[in-house]
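Features as listed in TrEMBL:
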- 58, 151, 288, 323, 418: substrate binding site (BINDING)
- 118, 119, 259, 324, 325: pyridoxal 5'-phosphate binding site (BINDING)
- 288: N6-(pyridoxal phosphate)lysine (MOD_RES)
Ligand code: PMP
């Protein structure tokens, strides 16, 4: 791109755009990186510099950028029809996708409600669960439970069940009350392997048992990011916790709501994170990877039991009055179908296992570096924490803004990194190859040396 055009765009960016999750003053005398092209695992800026998209464009991308089959699906759908209302009208891509999602998600999730982003999928789950209990006459069941460190989106319902102080606490006066439970965190396991996992799971489940024993009559649902709390700091949680939670929710009549907005579609090495624990939730939220990260779309799946509580004569007023303008967008649904075909044709999940093994090996090298602690991995997601004194878990002073420095230095080494505080992570696309992850790890080591000496 010509330098003059680039400078003009960056001037306008600064004049008119307010970027999300961004302190805009940080850009007063520094430019945003202007992107010109994206292909496969790479993103290119206006100066022709190439970066690995190690966070899959906010945890969305699966098969790489610019996949020809996805582009073809968009073209074909646009040749037929573009966006249409999805209430009273229906269309083949929305119908076919719903059927396929019912077939591939955990057993018992038989109905699909469309919306258009992760937060709205969570809002739908909350309202659906709440209305269910009202409609079956258990009107005291109005409260929700969430985990410390959880992140379910930025709309107010999702923030009400959010457990990240930095993002959520300011908005407290606007939120509904929900119960916060301690999150199981595998970093706290004293023993390695299954014994440590059981111990961590049990310590957190004790609290749930206490709450359910006291409050079950007032509880509608328990929302959880299965196996992996993303935005809260890449906290990895044991399968035993999810299994215990499933049993408790069933025993006490509380909906288990699995927020797989981020973990769905293979990112954790299985199609859905719930599969690691072999459990089925009552409600499941999906977005991001649903369209391979190409188009905005989301779904909330639920059981027949929940759906049936809304199914009655109109006069009974059991209708679910919820919907968004871009609900079930046909182009997005066509892309999602193309993505699911790719999973079959390119044996995406099988291929990803080879990369996942290579990633485990590459992380071994990073784990030996100074300042690095708690290297952890689930499928194509890996994370580690940076400390001034890693052994004693003594943090860097906040004013050093280590995470921000890593982000900046990443560009110099051809990496798009997006640390959460002083936690560095990869959220790799399923198209990443073993060579990619080895290269990314080597570049990360250079970034660490650059920033930490
Ligand atoms: N749930 C989870 C687990 C998420 O990670 C996110 C977004 N990172 C959301 C919900 C919200 O999705 P969106 O940003 O599309 O609203």
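Using the three backbone atoms N, Cα and C, a Cβ is placed for every residue, glycine included.
Predicted automatically and left uncurated, TrEMBL annotations should be read as such.
Positions of the features from TrEMBL, shown on the structure.
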| residue | record | Cβ contacts under 8 Å, 6 or more apart |
| --- | --- | --- |
| 58 | substrate binding site | 288 |
| 118 | pyridoxal 5'-phosphate binding site | 152, 153, 259, 261, 262, 285, 287, 288, 298 |
| 119 | pyridoxal 5'-phosphate binding site | 152, 153, 154, 155, 158 |
| 151 | substrate binding site | 162, 163, 164, 167, 225, 229, 230, 231, 232 |
| 323 | substrate binding site | 86, 87, 115 |
| 324 | pyridoxal 5'-phosphate binding site | 115, 116, 120 |
| 325 | pyridoxal 5'-phosphate binding site | 116 |
| 418 | substrate binding site | 55, 407, 425 |
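Secondary structure at residue 58 (substrate binding site), as computed by DSSP, is helix. Taken in sequence order, the binding-site residues 118, 119, 259, 323, 324, 418 that lie near ligand 1, meaning a CB under 6 Å from one of its atoms, are 118, 119, 259. Among 118, 119, 259, 324, 325, the residues given in the record as binding pyridoxal 5'-phosphate, the maximal Cα to Cα distance rounds to 22 Å. Each of the binding-site residues 259, 288 was scored by the other Cβ atoms within 10 Å of its Cβ; the lowest score goes to 288. Residues 58, 151, 288, 323, 418, recorded as contacting substrate, have a largest CA-CA distance of 33 Å.
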